[in-house]
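Undergrad: Just passing along the structure, written as structure tokens.
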Amino acid sequence: MFIIKTERVKIKSYIIIMPQPGNYLIWIDIAHAVPQVGFFASMGLGAILLFLNFAGAQKMFGSYKYIISTFTLLGMMFATMEIIVYPNVHNYKAGFIFFTFAEPFGVKNLFWRKVFLASYTFFYSATVALLSVQFIYRYWAVFNVDKLRFFTGFYWLIWIVYCTIFGLQYALGACLFLGLDPVSTEYFREEMINRYETNISTLPAMSLVAYDPADGSTRWWNLGGIANICYIVNVQYGIMIYCGWSMHSRMEEKIKNFSEILKKHHNQFFKTLVLQITAPTLILFIPISFINFVPVFNLDISLPSGALLCCFTLYPAMDSLIVMSVVSEYRKTAEKIYLAFKNFANEVSGLRATSSVGATSTSRPITASRPE
């Protein structure tokens, strides 16, 4: 049985935790528990997926097998980063604050804790970018096979650079546009004391305040942070929607002359992509859009939005489950492994039984017959 130690213990080191009306500390526990579930699920299902890949489940997939394996590994890294950083978000009126109580690896220095917080945004963006790369591959596999050369050999570096650029754009953009300044610090100071009983100055955090509380003027620099995030998310989501819709509307006509095996593979991967649009829409895109756009409307709200953010880590596990459930090659490979293991176990049991019988036979006392 595993005992999981959360960062709540570290919160107690500088927060006097007492139940108060409107206190949101319970949401910190939730925002820590859900990523732990996601972490173990992502590691377990991801390991099974990679093992099945290694055992031959991808022998018919061409270079697509590298995308599936890479995405699985990146998802496992993203889930790991989640439980290292334990990020939280709080929406308050015309702003939100992105923060963490965690001290990764015992690091107490505020600057380095901010680096860890920014690293989490890098992995989020890189994961979403690699998800869109899967859609590009499947689209080209049906409509422009010649372009699949960009997924072989040194061309693979294109996609590594692609994901890295978007990851850095998100992380550096968040640091640049959403850094705490005197206005945002004072804007959230009392709210953080009331809701989380902590001093904002002691936390690694990024924040957005859409309108200056003094005169109501628009804080365009902060809104640039929203524009940056929206650009990244919309580019990836747009690619997914375009490729998915094109395959939905034109694939049947395109693959009608393919062999039955290829038709089956393309149809299975199309079903996978449909689920891979639906799942991230609900888990990755809608939550981040809600968190970013609510401040623009300057509503009189106070929401522990970390409850939405902590669900991100569930997606890698869900993606592995989708692939293994829809693509028949994984089920066939799992059945082969099961039968091989069963036969091996039977052989071992048979050998032990034979050995036991032999040992029993040789241990019997030999009775000499008495001569007449």
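Going from the start of the chain as shown, residues are counted 1 onward.
Every residue, even glycine, has its Cβ placed from backbone N, Cα and C.
Feature table excerpt (TrEMBL):
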type	residues	note
TRANSMEM	33-54	transmembrane segment
TRANSMEM	66-86	transmembrane segment
TRANSMEM	122-141	transmembrane segment
TRANSMEM	153-180	transmembrane segment
TRANSMEM	220-245	transmembrane segment
TRANSMEM	273-294	transmembrane segment
TRANSMEM	306-327	transmembrane segment
Undergrad: Which sequence positions outside the transmembrane segment (153-180), separated from its termini by at least 6 residues, show Cβ-Cβ distances below 8 Å to it?
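TA: Beyond its ends, the transmembrane segment (153-180) has Cβ neighbours at 66, 74, 98, 114, 118-119, 121-126, 128-130, 133, 200, 205-208, 221-222, 224-225, 228-229, 232, 235-236.
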Undergrad: The transmembrane segment (66-86): which same-chain residues, six or more beyond its ends, come within Cβ distance under 8 Å?
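TA: Apart from its flanks, the transmembrane segment (66-86) reaches 6-7, 31-32, 35-36, 38-39, 42-43, 46, 49-50, 53, 58, 100-102, 104-105, 116-117, 119-120, 123-124, 126-127, 130-131, 133-134, 137, 151, 156, 163, 310, 312-313, 315-317, 319-320, 323.
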Undergrad: Among 122-141, 273-294, 306-327, which stretch has the highest count of C-beta pairs below 8 Å with the transmembrane segment (33-54)?
TA: 306-327
Undergrad: With Cβ-Cβ distances below 8 Å as the criterion, list the same-chain residues six or more beyond the ends of the transmembrane segment (306-327) that contact it, or say none.
TA: 27-28, 30-32, 34-35, 37-39, 41-42, 44-46, 48-49, 52, 57, 68, 71-72, 75-76, 78-79, 82-83, 87-90, 124, 127, 131, 268-269, 271-272, 275-276, 279-280, 283-284, 287, 290-291, 334
Undergrad: Please give the sequence-distant neighbours of the transmembrane segment (273-294): residues at least 6 beyond its ends with Cβ less than 8 Å from one of its Cβ atoms.
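TA: Counting only partners 6 or more residues beyond its ends, the transmembrane segment (273-294) has Cβ contacts under 8 Å with 89, 91, 96, 124, 128, 131, 134-135, 138, 208, 226, 229-230, 233, 237, 240-241, 243-244, 247-248, 301, 303, 305, 308-309, 311-312, 314-315, 318-319, 322, 326.
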